[in-house]
Amino acid sequence: MSQSFDVVVIGGGPGGYIAAIRAAQLGFNTACIDEWKNDKGGPAPGGTCTNVGCIPSKALLQSSEHFEHAGHHFADHGIGLKDLSIDVAKMLGRKNTVVKQNNDGILYLFKKNKVAFFHGRGSFVKAVDGGYEIAVAGDKPETLIAKNVIVATGSNPRALPGAAFDEENILSNDGALRIPAVPKRLGVIGSGVIGLEMGSVWRRLGAEVTVLEALPTFLGAVDQQIAKEAHKAFTKQGLKIELGVKISEVKSDKKGVTVAYADAKGAVQTLAVDKLIVSIGRVANTIGLNVEAVGLKLDERGMVVVDDECRTNLPGVWAVGDVVRGPMLAHKAEEEGVAVAERIAGQHGHVNFNTIPWVIYTSPEIAWVGQTEQQLKEAGREYRAGTFPFMANGRARALGDTTGMVKMLADAKTDEILGVHIVGPFASELIAEAVVAMEFKASSEDIARICHAHPSLSEATKEAALAVDKRTLNF
Ligand SMILES: Cc1cc2nc3c(=O)[nH]c(=O)nc-3n(C[C@H](O)[C@H](O)[C@H](O)COP(=O)(O)OP(=O)(O)OC[C@H]3O[C@@H](n4cnc5c(N)ncnc54)[C@H](O)[C@@H]3O)c2cc1C
């Protein structure tokens, strides 16, 4: 016997579970299928984000930051500590608890919103009259009939050719989040968000970390003034970053991993490490979806092809999140999930790609929204820039964290804010003001005239806005 639904979502990551909740809120009879298993084989909805991505990485970043503060900064506050140590098993256990709280939270939300949850792999069987037949393969095989299908099957880590992940020595994000003891030497290939965050965790805990990056520019997508400031801070902390390298071979054995590469000058080098994290991007995941059965179109990179509104080539089939074009970010996946559910309901769901914030949760944190100075230059757009250093911010001084700055870019004629770039304490939180401002098409003068609490880090944003008009008050 098959069960019929208005909406069936395949994948329960941030794109999928949020789409399912919104569809149910809109009155649709909704199901969500997710195959992720916890260590006991039970359901673990939340996808990459909850299980091996955003949430566990932030849990470990928090633990390792506490350790770093205790070891290096508490003394400045007059706090003495003897015999500081790290219990990695306990730290990983705490991280697992945080993950489970999030898994359970999603299962609770499904119940609350009356979303039918199916634990197993969902795949297309065939198109049927007015919809699609979907098979669920799992502990309890099921057949579902869906009027509308939302594909939200996410992404998988990309492996380096010739260096398959074994999660013992050569680690994806999954293995990087459960290294059982602090490695003496850790290699990271790829200086993107994931590589820098994971490298930071284990460096803070005592590993000697070397990051190898193929591109000649550090954080090429980030405003280069901000990227340079971050590079300076990371290098000072002891993170070794080599740019412009070309990896030729990765060998792994019981003793560890050896990476042979040519450095930026072309000289042959070898890096010997105990563990190697490979974070060179992610690939869309449509494994097991049986797209051929219904003719769902994929592009040459394996992503589901969608239009601006997440419609696929098939009527009633939509796709959101990492499995489609656009930034691979949890909040982008969520926004698309909500918008698609609303479009199915005949509403005008909307995602503004120009105001999606980006955050790198290193220390200092890096966050930005909108265009970088190099993008504005390339586009020939006239702009004015204002920067304000945290060194001149009272709250940052009190926190003992004065690295970095806020930088604001505004149109030279209209003064509309075109981009805000932050490197420094709590950049991940500060960026929200800039996102709101840009959504409402604020000018830098608007931010400059808004009262900001004192002392607060947000005053640096106000001062950066004042700096656009060359009238900072505290610098
Ligand atoms: C280490 C790391 C840190 C990250 N940190 C951040 C961050 O701080 N902020 C941020 O915004 N983003 C972060 N990301 C990216 C973020 O995790 C992804 O962008 C986000 O998870 C994408 O959501 P999604 O719903 O598209 O896919 P996913 O989260 O990948 O979820 C897809 C789900 O679908 C399931 N699935 C796949 N195929 C099937 C099938 N056929 N049947 C049933 N189920 C299926 C999968 O098991 C999975 O549960 C991070 C990623 C990593 C790896």
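The backbone N, Cα and C atoms fix where each Cβ goes, glycine too.
Within GLU168, GLU213, GLU300, the residue that TrEMBL lists together with GLY190, SER191, GLY192, VAL193, ILE194, GLY195, LEU196, GLU197, GLY281 for binding NAD(+) is GLU213. The recorded disulfide partner of CYS54, taken from TrEMBL and restricted to CYS32, CYS49, is CYS49. Counting residue by residue with DSSP, the domain 'Pyridine nucleotide-disulphide oxidoreductase dimerisation' (356-465) contains 42 helix, 33 strand, 35 coil. For GLY190 (NAD(+) binding site), the same-chain residues that are 6 or more apart in sequence and have a Cβ closer than 8 Å to its Cβ are VAL211, LEU212, GLU213, ALA214, VAL278, SER279, ILE280, GLY281. Binding of FAD is attributed in the record to LYS58, GLY122, THR153, GLY154, SER155, ASP322, MET328, LEU329, ALA330, HIS331, and the widest Cα separation among these residues amounts to 30 Å.
Cβ neighbour count for THR153 (FAD binding site) (all protein chains, 10 Å cutoff from its Cβ): 30.
In this structure the C-alpha atoms belonging to LYS58 (FAD binding site) and LEU196 (NAD(+) binding site) are separated by 12 Å. Highlighted in sequence order, VAL188, MET198, GLY199, VAL211, SER279, ILE280 have their Cβ within 8 Å of the centre of the Cβ atoms of GLY190, SER191, GLY192, VAL193, ILE194, GLY195, LEU196, GLU197, GLU213, GLY281, the residues recorded for NAD(+), and are not part of that set. Annotation: ALA330 are the recorded positions among THR153, GLY192, ALA330, HIS454 whose CA atoms are within 10 angstroms of the CA of CYS49 (disulfide bond). For the NAD(+) site, whose annotated binding residues are GLY190, SER191, GLY192, VAL193, ILE194, GLY195, LEU196, GLU197, GLU213, GLY281, the maximal Cα to Cα separation is 14 Å.
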